[in-house]
Amino acid sequence: MVKSITANPQGQFSVEDYTVFTIMLGISTAIGVYFGFFQKKEKQTTEEYLLGGRKMKTFPIAISLIASQLSGVSIMSVPAEMYSYGAQYWIIAPTMILITMIINYIFVPVFYNNHITNCYQYLEDRFSPAVKKFVTFTYVLNIYLILPIFIFIPALAFSQVTGINIHLINGIVCGVCIFYTMLGGIKAVVWTDVVQGMIMFVSCFLVVVIGVAKIGGLSEVFERAAAGNRLEIFDMTLDSTTRQTFWTASVGNLFLWTGYLGLSQSCVQRIVSVPSMSHARAALWIFCAGFIIIMTLNCFTGIVIFAKYFDCDPIKVGLVQKADKLLPFFVQDVVGNLKGMPGVFISCVFSAGLSTMSANLNSLAGLIYEDYIRPFKLFKHTDASANTTMKLLILVSGVYCIAMGLIVEQFGHILQMVVTIASVTQGAVMGIFCLGMLWPWANKHGALWGSASSVIVMSWIIAGAQVAISNKELTYPPKPTSVDGCYEYGFNVTADEFPTLVAPQDEAEFSIYKMSFVWYSTVGTFMVFLVGIPVSYFTGSQDMRNFRPKLISPLVHWLLPEEALQNDFSMKAENEKLNPEPIKEWTFTANEAEKYKDRHGVIEQTL
């Protein structure tokens, strides 16, 4: 009698597993109900709904950032990346230290010194309303393209271990997320993230520990991984067409993650919801440490999966359809006999997806209301009407995510797809903020043309790459896997039936369409500078006489001429009397008077 490749085949989700999973959803719902109905009896203001009154605690915000950045895509697809392509992707973990430094010392001071809570408002203050509208539109479009993927991945895992229809569970869990995000606002988002982050860490840790024990210890895991060439993390190849190298994993992800973490409204909204800049910096450093731990654990999970199936690839024998489904299959195998453990794991994946979805829904609703609904003055603005409108926006966006699951189901490698979609606009966003904060002479023309050029060029490159992929001209063959031991499990297969895939070798000149998708954000960022700086120069550089130094990162204040530096310390009361500006209404701002003063040059010592 042959043994089974897995001791707990698909479909054996126990009563205990369903119970654990239901409890997780119940806790998330209860948090939303608490903050929606019981936490405060007085009327909830818009600032309270979106920013928690700017009194959020440092540690919960840090955990919320960890939970929302490590989405279901990370939990499911990073181990798949390790299994298929090796450990090179892990370099992103130590790279996060540099990313955190950049955000803390370039972006955060500018946001706090200018009392920015809607990060895209900075672009209006620094350049013009047109620049803000363009970048805001690209952000909204990008989120609507990518958000359905974040919540669909957990449904994929649940379907793999239970056999339940993937769209049914996707609809149920999206409904729970919509409910608590609508009711509780940012406080519900943050505190559910804290609970979900703890679930993520505990379940990933337990799965890895039990998996290592069943394989035979760490030495056996590393021995098998080394034999399968899965431990190379310093591939210094300079070929930009290679999928993952040291340079793509470090430099490429530096640009991608800096923009994603430091310049997306869902993250900035939480970073500025703590009382001060020092609290924000502390939260980001806590996030950095947590990210490194969880990402390392995630990457190691992929290595453990490879070690478990090193001599019989479940994909090749048809037990798993694609690499993104390997992790739930592995969980059923190694901990399926422990009642409740598969439920804990599925709760982990759903926790990651829910935290990402809720954070984005909350910030998206605020952004759409502020930029696309409020200016039309369709109704009188009050905190109550604003909150009601944003709740309806969350509902509509959530229903959209459920419907888009039908399309997401057709995608191939999820991690590659997510990075590709994000990169259409991520480089432009990263580039325009860096241009504004690091190059004082950049003007509105350079910013608009630079960001627009970046989006156009990246759309062209990515479209060409997708055509190349569909024509089989661009492929990323995974590292070899073995089927030598499959006969022990009753599979009559040989290695000859699975020829080694090799990327097509084109003798022609280099094609930009074949560039690794990890470089997209980097190229997009530099496109903004390549176009923005010359256009700014030829259209008349930024006038320094009326320039506010607080719009530039403190790190480059030494570049400013003396006349610009004096602007922060000079009162221009007479000019203000001659040319009074109306106080702008801000949905996100608590102290209108303070913001008004800062926008008009009141003496204030800057960082």
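Every residue gets a Cβ built from N, Cα and C, even glycine.
Just so you know, TrEMBL annotations never went through curation; they're auto-generated.
Database features (TrEMBL):
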- 18-38: transmembrane segment (TRANSMEM)
- 59-78: transmembrane segment (TRANSMEM)
- 90-113: transmembrane segment (TRANSMEM)
- 164-183: transmembrane segment (TRANSMEM)
- 190-213: transmembrane segment (TRANSMEM)
- 245-263: transmembrane segment (TRANSMEM)
- 284-307: transmembrane segment (TRANSMEM)
- 344-369: transmembrane segment (TRANSMEM)
- 390-408: transmembrane segment (TRANSMEM)
- 414-439: transmembrane segment (TRANSMEM)
- 446-469: transmembrane segment (TRANSMEM)
- 517-540: transmembrane segment (TRANSMEM)
Determine which residues of the chain contact the transmembrane segment (90-113) at the Cβ level, with the cut-off under 8 Å and only residues 6 or more beyond its ends counted.
82, 119, 122, 233, 246, 249-250, 253-254, 257-258, 261-263, 268, 271-272, 276-277, 280-281, 284-285, 287-288, 291-292, 295-296, 299, 433-434, 437-438, 550-555, 606-607
Counting CB pairs under 8 Å, which listed stretch among 245-263, 344-369, 390-408 touches the transmembrane segment (164-183) the most?
390-408
Would the transmembrane segment (284-307) count as touching the transmembrane segment (517-540), i.e. at least 3 C-beta pairs under 8 angstroms with sequence separation of 6+?
no
Given the cut-off of 8 Å on Cβ pairs that are 6 or more apart in sequence, determine whether the transmembrane segment (344-369) and the transmembrane segment (284-307) share at least 3 such pairs.
no
